[in-house]
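According to Swiss-Prot, the protein has these features:
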- 12-32: transmembrane segment (TRANSMEM)
- 37-57: transmembrane segment (TRANSMEM)
- 70-90: transmembrane segment (TRANSMEM)
- 118-138: transmembrane segment (TRANSMEM)
Amino acid sequence: MNRQKNNLIFQYSAVVIFFLIVMFGLSLFLAGHYTPGGGFVGGLLLSSALVIITVAFDIKTMRKIFPWDFKILIGIGLLFCLATPMASWFYNKNFFTHTPFEIPLGILPPMEMHTATFFDLGVMCAVVGTVMTIILSIGENE
């Protein structure tokens, strides 16, 4: 993909749209265990935000903004997906037994989380890594 020229409106709107999609994807990720959403949908939204940045600018610019290798992100995601259900074994519980816990937020009411959130985080990392690896490998071959 070559850098597009004279697309100032598209490039500036892509940056705004990027942040909107990332915020919506993170809210779907955090609400995912109790409502529709979760790691897969959040990962698809995050990778679509990265694809918008890639299309608006180019692959070289996207790699400058996000310098990590997305294949490593797949491995990190799979590690989370494997470690989360196995962690229940250390507490003498059945495989994939999840436990709720609360995160204190100071003056705000505590945020209720679930250990399944870490599994969803692994799914999200694996989805973002897979989608971006496929998109970037297709784009770099042109």
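Cβ coordinates are placed from backbone N, Cα and C, and glycine is handled just like the others.
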Interface-richest range of 12-32, 37-57, 118-138 toward the transmembrane segment (70-90), CB pairs under 8 Å: 118-138
Intrachain neighbours beyond the transmembrane segment (118-138), with Cβ under 8 angstroms and 6 or more residues off its ends: 29, 32-33, 38-40, 42-44, 46-47, 50-51, 54, 59, 62, 70-85, 98
